[in-house]
């Protein structure tokens, strides 16, 4: 070994193509597809994958974590309350107690999504960025997977047909947009699905409604995180994230209960 790096262009391309082909062949038929790699989606992915179920997370942007990175108005911290702090501690995330507030903790807004994403990956989940879910597969009155497209192709406005991923269950964890549910409602008006959207901010109400609003809203389709509050007209919360993590965990537990029967 003379210390010279090998960098053959063709070998690089072949390596990427072979690896990508094998990856796609492994994930075109899975147990759960999670749409959106924000706080609730990553949490759900971690708990589902830990139990050995094939889980794929699809994120339109090139980074995961949703709005966590920006903290509160760009300040690099978020707030988490008990008992959601246990979910972050499991991922090795450092938490600081808030003086005078026994139930509240602050966490670094960069460390949280980074470590939570790694925890989901280490558990066995596959996270794909730059992929947008443009439609759902609807068979015999049940969601049976997702229709996917490159986000770059969508942004360019090119008319190129999509591909699909089959799944037993789909989770909409796309945040305020609730985009998967919106798509189902828009394309299938006969189903009578409506998405009223979230209400204005009331942090305590919003936090406490998140787990209650986390549920299966159509056969095979679950909502968690802010998508759950958007679907059920719940309040928004701001830079407090405990409800998001608890919602993701509850969503995973609900699906696990069905799949483990």
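The backbone N, Cα and C atoms fix where each Cβ goes, and this holds for glycine too.
Of the residues 40, 200, Swiss-Prot places 40 in the same NAD(+) site as 59, 60, 67, 133, 159, 160, 161, 179, 226. Comparing CA positions across the binding-site residues 161, 176, 236, the one lying closest to residue 60 (NAD(+) binding site) turns out to be 176. Around residue 160 (NAD(+) binding site), the same-chain residues at least 6 positions away in sequence with a Cβ under 8 Å from its Cβ are 149, 153. Taking the C-alpha atom of residue 40 (NAD(+) binding site) as reference, the shortest distance to any of the binding-site residues 161, 176, 236 belongs to 176. If you take the Cα of residue 236 (glycine binding site) and the Cα of residue 176 (Fe cation binding site), they are about 9 angstrom apart, rounded to a whole number.
Across the annotated binding residues for NAD(+) (40, 59, 60, 67, 133, 159, 160, 161, 179, 226), the two most widely spaced Cα atoms sit 32 Å apart.
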